[in-house]
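What follows is a single structure, written as C-alpha cells, with notes after it.
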Amino acid sequence: MSRSRCVALLLLVLCGAAEFAEACSCSPEHPQQAYCNADVVIKAKVVGRKEVVTGNDSYGYPIKMIQYDIKQIKMFKGPDGEIDTIFTGPTSSLCGVNLESNGKKEYLITGKMDSDGTLRINLCDYVESWESLSMTQKKIFGQHYQMGCECRVVHCPMIPCSINDPTECLWTDWVLEGTVQGTQAQHYTCIKRSDSSCAWYRGSAPPTKEFMNIEDP
C-alpha cells in the first residue's frame, strides 16, 4: 500500500473515531437541569436485557438497540401509566448505557420519549444508581426540581465564570470541589423566587418565606 493511501486511511479512521467521540460528548448537567430537560424521570429496577433490531438505516443495514425490561417503582415525571421497557445504544461508543439487569439494583433514570411512547436513554442522560444519591436528592426529585424548571443551572468549568440572567444559578462544584457530584449537586435546588429571580435553596424542606434572603453556597 502506498504511503499516500496509508495516510488517507489513517485520516479516515481518525475522523471516524472523532465522530464516535463527538456523538457521546456531553457537558456536565446538574441533576435539576437533567430532570427539567427530560421527558421521563423514574425510579426502577432492570429485570431483563436483550439486543433487538428496531429498523433499518438509510443503507438498509439493521439498527440494533439494547432493550431493557424494567420494573417501575416510582414515576417522578412522565406520562400516565407504567413504563416497562427502555431502549439504548448497543455499545458505549454509540452512547449506550450499561445497566445491571438482575433486578437487584435500583436506578434513577432520566430519558427522552419518542412520539410512539418509546423511552430512550443515552450516556448524556442522568442515570444513576439510587443508592449513590444523597438523602436530599432522593427527597427532592420531583416537586423541588419541578419548582426550578423556570430557572437554568449554569455549569462553571473554570474561573472566572458568571451568570448572564437573574433566572440562572451558577453551579461551581467542579471548580471548588473537583467533581460534578459535589455539594450543589447533592443538596441544592435552583428555585424561582417571588421577584422572578432564581437562587440556590438547600435541603429537602419546602422553601420558607425567608428564602428571599438566602445566600448562595
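Positions of Cβ are set from backbone N, Cα and C atoms, glycine also.
If you go by TrEMBL, C124 shares a disulfide bond with C26, out of C26, C36, C190, C198. Candidates considered were C24, C161, C169; the recorded disulfide partner of C95 in TrEMBL is C24. According to TrEMBL, the cysteine that forms a disulfide bond with C149, out of C6, C15, C36, is C36. Broken down with DSSP, the domain 'NTR' (24-149) shows 24 helix, 50 strand, 52 coil. Other Cβ atoms within 10 Å of the Cβ of C169 (disulfide bond), summed over all protein chains shown, number 27.
Among the recorded positions N37, C95, C124, C151, C190, the ones whose Cα sits within 10 Å of the Cα of C24 (Zn(2+) binding site) are C95, C124. Looking only at the disulfide-bonded residues C36, C149, C151, the one with its C-alpha closest to C95 (disulfide bond) is C36.
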